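If you look up TrEMBL, you'll see 2-57 marked as domain 'DEK-C'. TrEMBL lists 52-113 with the feature region 'Disordered'. TrEMBL lists 58-89 with the feature compositional bias 'Acidic residues'. Positions annotated as domain 'DM2' by TrEMBL: 105-181, 212-290.
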């Protein structure tokens, strides 16, 4: 007799709570369930995908309500490049790691390219500070398109590090060419193999397929317009785009930076005049859908 949906979901929830979602894929979860229940589950892909997405939603809401204001905002606004998204999704761990690095003498920031060094006058700087300094320069010199503040209009100096066309979304990708991973030790740090199996299974499996956290989703027409025409986006990228937009347009309440003041663009998604920034994703959930 085929396993019931209820029993399958119950076991899937247990697995989701025990595996590393930064390295485990939906396919690996399904294969684990197939092995445990002794049946093929290809016809349950939609069910499994829905439960994984539901779990991710709940995890994200819990993290946003964590009260980690400074870390949450800095990570979401600055750590946009793919290599930095793990810190964005796990602010508590990032804070602990930073403290450890400081105690080990490695908290001197990221190495900068020669053009970035010339622009900032610094040889090393943490990525959030790089982003902050660039935005200060953009605002000071009025380099946002007045018709669409998501677009940046580089002047001669800014053009040494950012090439037009550039938007809030593409800016951080361009910065990846100028901000390099810290050399925290004299020798490259070896990466420990992540666990990709659960239960008693010990044999490693090849990781093929997308990371559930980084999986691109289809944007609704309204969200695509907000993103400057981009039709697909991952949840971490949307988080980054949201905070970049908020900061670029000074939409945080100066008396309580947890509160976001809606402008016309945000009112498309939120019918309120203001809302808590840590719960912003609830207004965008209905504008994201799986790519079949």
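Backbone N, Cα and C atoms are what each Cβ position is placed from, and that goes for glycine too.
On a predicted model such as this, the values are computed, not experimentally measured, just so you know.
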Exercise. Helix, strand, coil residue numbers for the domain 'DEK-C' (2-57) per DSSP?
Worked result: 42 helix, 0 strand, 14 coil
Problem set entry | Across the domain 'DEK-C' (2-57), average pLDDT on the 0 to 100 scale | 81
